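Working notes, beginning with the structure itself.
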Amino acid sequence: MGINVKYVVLRHLQMELKSPFTTSFGTFRNKEFILVEAIDEDGVSGWGESVAFSSPWYNEETVKTNWHMLEDFLLPLLFQTSLEHPDELGQRFSVIRKNQMAKAAIEGAVWDLFAKKQQLPLHKALGGTKSSIEVGVSIGIQKNVDDLLRVIERYVQEGYRRIKIKIKPGWDVDIIREVRRRFPDVPLMADANSAYSLQDIDRLRALDEFQLMMIEQPLAADDIVDHATLQRHINTPICLDESIHSIEDVRKAIQLGSCQIVNIKIGRVGGLTEAKRIHDLCQANGIPVWCGGMLEAGVGRAHNIAITTLENFAMPGDTAASSHYWEKDIIVPEVVVHNGTIVVPEAPGIGYEVDRRQVDRYTVFAKTYRAQ
Ligand SMILES: O=C(O)CCC(=O)C1=CC=C[C@@H](O)[C@@H]1C(=O)O
Ligand SMILES: [Mg+2]
């Protein structure tokens, strides 16, 4: 059964975060993103979500560059001929360099469509094995330590399986010491979003005493060489986020010893097919992976849940409950977390219904593209 996408609707949505999210590179108050709906000859819709932000802080892609790539390059390639399987899109899109988040947005919609046509939940179509997944929560930089401790307390009580806090020079060793004093046993990790350099080795080594599960992306966003040096000097396992765009990046990082853990973000690596390949390579090399978050709305969140059902997603990811981010999400039911666990939905495709009323409410503009 081929996949024959007849038209695609791109929608530019804007949703307000319940509370601002601050990292070492800035504060998010709103989330603007592109929602992709791919409709086939039978009128079945597949949904994808671009995780690019409005500004090129996290990586070089933005909402506008994603729209441009989709409109001018990726949709024409998709419309060229039908597909037998979503895995074929990687090859078809390989004539376009990088722009992984734009590629992943449409690839995700095609995977949802494919799974629906097969009457399979997306997680089964991907080869997932879990019926529930464990999740953690990522906490932005707070005004002061007391606020941070209060926020952590709340999430620990809600049952989240690990706490991730953001660090940067000056908001690191002392802060983590306080957190550890108050929560000696909580599974804890720190994400630096590239805020350090090799000159900070001593400061980063000082974190070894706190039994962190890992430190995420301490060094430059495009680096895997200095990370290998750093890993030789510290005991805390390094996890790469920003530096990983493809299976080739992972192969090289493993060879160099740049990390012991990989954060897989579907958007950053160009889609579900590449995410699965990276998962498999890491598994073969004894490297656990987990699913990162990009403050997704419901569709992106559903894709994250599906990929996390693969076996080697062995650590809790950042897929917190919809209500952690939004007053009202765009899917029904919303993603709920009980005791740090999400029950994986079994309905075909992403497993959640897209709430068109909410989508319309958040849509700033939309455009439809048809196969010629
Ligand atoms: O809750 C989430 O979706 C995860 C949030 C999170 O940690 C991140 C979101 C966006 C950019 C980064 O700061 C970051 C990360 O690096 O993992
Ligand atoms: Mg990160």
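Residue numbers in this text run from 1 along the chain shown.
Glycine is treated like the rest: Cβ placed from N, Cα and C.
All annotation found in TrEMBL is predicted automatically rather than curated by experts.
Here TrEMBL has E216, D241 binding Mg(2+), and the candidate from D185, D191, D200, D280 in that same listed site is D191. Between K265 (active site, proton acceptor) and E216 (Mg(2+) binding site), the C-alpha separation comes to 13 Å. Residues K164, M189, A190, A192, N193, I215, Q217, C239, L240, E242, N263, G292 surround the recorded Mg(2+) site, their Cβ atoms falling within 8 Å of the Cβ centroid of D191, E216, D241, which are themselves excluded. Checking the recorded positions K166, E216, D241 for a CB within less than 6 Å of any atom of ligand 1 leaves D241, listed in sequence order. Checking the recorded positions K166, D191, E216, D241, K265 against ligand 2, the ones whose Cβ sits under 6 Å from it are D191, E216, D241.
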